[in-house]
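*Asks:* This is the structure, below, for whatever I ask next.
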Amino acid sequence: MSSDEGETPKMGFGHAMLLKMGWKGKGLGVEEDGRTEIIVNKKKQDKVGVGASISDRVSTSNNWESTNEAYDHILAKLNGVDEITWKKKNNKFVKEEKITFKRTIKKNSKKNKDESDSDSDSDSESESDKKPTKKQKVQSDSDSSCSDSSSSSSSSSSESEKEDKSSSNTTSDESDKESSSDSSDSSESENEKKDKKKIVNNKKGKDSDSSSSSDDSCSSESDSSSSSSSSSSSSDSSSESDSDNKNKNKNKNKNKKSKESDSSSSSSSSESEEEEKKEVAKKSFSVSKTRYQRLLRAKSVKNYSEDDLREILGYRPNQDTRKLKTKE
């Protein structure tokens, strides 16, 4: 409202500053009749704080008990003591503790279930891994038993055949075994065998001259069941000479085969060596693929030959006498 001319309006610091800046004391609006008075808002707590009167302030400043009570009340509000007392009255603390305890129990039970499930899964996986191994072991055992049975049957058949063979066949088998075991020293073994056979023939010739019934029985026991006890000394000597000739022919054939196998193995080894040499030659670095940057990155030049380095770096007649380091 506009101030009357007879009354002196209450002027404050703000009004004085506005008048100095050119304000004429008029209000807002079209007719300029807006309020120009200062609006003061008093707080509800008149005894304490900014809105308190002077008398209240004086009384409280001297009364320390009231100030301490007010201070404690403010601290209680800030710390939430009133809420704590209210919860205790209504027994809400106990309920919340029970709820939190139940939640923790549920979480722990879920964790235990998850762990048990994971353990069961791992156990099942381990069992599934173990099962095929057991099957394989059973199969391998069955295969081994089959092989053992087949080997036993073959051994029994071979033993029966050996029993039926004559002494000439046994001697030939022994000579064959000796020749196969001594294939590497064939020349020496042949000479020794010939000497032994000559000695045996001489002994048998002497025994044939002084043959008797007892000698015939001993010779029949040493020979197989197929050889007859009534065979004469001449027939024995002829059969032995025939067996000796056969053994010699067999030994010769085996020696030839061993020599051929040795020659073939030597030729194959020489061919393999030639192929290795060719492969080594192929591994040499081609100059078209190499670059100068690879030489700069390389820690040593030993990977390249002298010719490769000259082709990469270019021919330099002034530095031709210099020897480059190559592979050792």
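Including glycine, each Cβ sits where the backbone N, Cα and C put it.
Annotations per Swiss-Prot:
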DOMAIN    10-55  domain 'G-patch'
REGION    97-291  region 'Disordered'
COMPBIAS  101-110  compositional bias 'Basic residues'
COMPBIAS  116-126  compositional bias 'Acidic residues'
COMPBIAS  141-158  compositional bias 'Low complexity'
COMPBIAS  210-240  compositional bias 'Low complexity'
COMPBIAS  248-257  compositional bias 'Basic residues'
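Are these features on the surface or tucked inside, and what are their neighbours?
*Replies:* The DSSP breakdown of the compositional bias 'Basic residues' (101-110), given as helix, strand and coil counts, is 10 helix, 0 strand, 0 coil.
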*Asks:* Determine how many residues of the compositional bias 'Basic residues' (248-257) DSSP places in helix, in strand and in coil.
*Replies:* 10 helix, 0 strand, 0 coil
*Asks:* Summarise the model's confidence over the domain 'G-patch' (10-55) as a mean pLDDT value.
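*Replies:* Value for the domain 'G-patch' (10-55), mean pLDDT as a whole number: 76.
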